Amino acid sequence: MSAPEIPAGPAASAASPTAPASAVEVRAVDKVFETRGGLVHALEGIDLTVAAGEFVSLIGPSGCGKSTLMRLIADLDEPSAGAITVFGKTPTQARLDQEYGIAFQQAGLLPWRTVAANVALPLELHGVASAARAAKVGELLDMVGLADFADRYPDQLSGGMQQRVAIARSLAEQPRLLLMDEPFGALDEMTREKMQSDLVRISAETGAAVVFVTHSIPEAVFLSDRVVVMSPRPGRIREIVPMRLGGAVGGAVGSEAGARADAATRAERTDDLREDRSFFDMVTAVREALHGGTPVATGARGVENR
Amino acid sequence: MTATVPTRALQSGRPGARRPSRMGPRTEATLRIVAPITVGAVVLGVWQFLVSVVGVSDYLLPSPASILEELAASWDSIVSATLITGTNALVGLVAGTLLGIALAALAARWNAVDRMSAPVIAALAVVPIVALAPVLNSMFGADSQFGRQAIAAIASFVPVFVNTLRGFRQTKPVHRELMRAYAATPGQVLRTLTLPTARPFILTGIRIASSLAVISALVAEYFGGPRGGLGSLISTSAASSAYARAWAYVVASIALGLLFYLATLALERLVVRRANPGGPR
């Protein structure tokens, strides 16, 4: 609104000096829902900056407003107070300009379309020529390892495969920002770890900033540059825990250069990291933040805590 | 008739839902075709027996053989009558379907339209064709088929509208939010999400409407207007005591109704092949 006019260019402008360093800025945001039982304060006094290329997870118990926060960024809901900018624009403008890709907990594929046609949907809606569309879809399906399933229908795929199609679809327009609402929530543990490794690789490859909603601590730790720990009723940010994994130390947190360095080190995250000492340290740090700063027993290593 | 075919399709489509059977699948399939034919043959046999051996009066009940004779004898007039009535039914079905889909789209889009139209639809749904036919016939003149087509259209409109409106409300929240996230225009949402979701519902509506269109077009002919259709010929033949000929026209009417039903059923099968897959999404 009062922010200076930013050229509404595609991903290329991320590198230009006039582009804002932050992908998402959330300032003093409140969200109040009116329900039959009265007012529900879903979010209160939220301040958060996500740098371009940075991977930020939102974690917290049910009802802490983490999904709501993501929905506000996506312009699927409007904040009751405060302001959000996405690449310097209002969320509505960012949505209209297709600045972000989105994936939900449900894959949300259209059952009457083939896998390829589902991935092509956003390209089709935005008038990409069919030859370019086919090429892009082939590339995306390769990336998520589903090239052989292009002509199948969603009901012929497993849940994990459907979710991979949904992620390919969210990446179709090379967004600079990916919004993901518990995309692996419905998957079994094996598939989940595989998908996490894939996502780490993909996000590093594309250089997109990611806002990732989850309720799994190990998942948040494994994926993120920073983990935003939230507390419920009203939803507040309790603590932001920067991740230091595998001996690599990220740059200045929240800065673009730092985020780039983080993305580079993030790309090196593999399944070995799940066995790494620093991984458990970070899991512990997030657990303690979740439990309100009081140290919790850390006897059992790598215990799923969700 | 309306209910049996989909039920059977559902059963054969879901192996788990089929009741356990000692018969092999091939025997069962053969039986499914042979059984109704046998029943039909037995009924016709008994009918013929009643007329020719027991001696039920030909006025009361013409024998199947004599009906068949009449069918062959007045074949040309039966074909032309079927064409006239069939055309009326088809015009009505198409018009009613288009109107039903269009109005359902409006009602789904604006709640106000829905609330305004609800009582009108309810009224249309209970309108007896018998009551409307004489009125429309005198409205559009005694030499016009338009009144009959209008009646068939009104009869088809209701099931198409009701089913389509239900179909338009089946879109899932996750799909709607996806469309919002893609900043899709209302036209794009209609084309890529709402219509494909509603497609099986629309086609079910059309299938139900197809039978109604034929029945209404036929019955409307009993109440004046130009002669030549199946309905008017049935009443003429019956009035002149040519019962076997009247029955021959009835047989043609049944064939016409079946043709409409099967055609729309085929359309439904063809278009909805992929519309309702099971499993997780």
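Glycine residues also receive a Cβ, built from the backbone N, Cα and C atoms like all the rest.
Residues or ranges marked as region 'Disordered' in TrEMBL: B:1-25. Taken from TrEMBL, the feature transmembrane segment applies to B:29-50, B:89-108, B:120-140, B:146-165, B:201-223, B:246-267. As annotated by TrEMBL, domain 'ABC transmembrane type-1' applies to B:78-271.
Residues of the same chain lying 6 or more positions beyond the ends of the transmembrane segment (B:246-267) and with a Cβ under 8 Å from any Cβ of it are 1-2, 5, 62, 67-68, 70-71, 74, 78, 81-82, 85-86, 89-90, 93, 203, 206-207, 209-211, 213-215, 218, 230-231, 233-234, 237-238. Away from its own ends, the transmembrane segment (B:89-108) comes close to residues 114, 117, 148-161, 164-165, 167-169, 190, 194, 202, 205-206, 209-210, 213-214, 216-218, 256, 260 of its chain (Cβ-Cβ under 8 Å, at least six residues beyond either end). Taking Cβ pairs closer than 8 Å, the transmembrane segment (B:201-223) reaches residues 1-2, 85-86, 88-90, 92-93, 96-97, 100-101, 129-130, 132-134, 136-137, 147-149, 151-164, 166-167, 170, 229-232, 235, 253, 256-257, 260-261, 263-265, 267-268, 271-272 in its own chain, all 6 or more past its ends.
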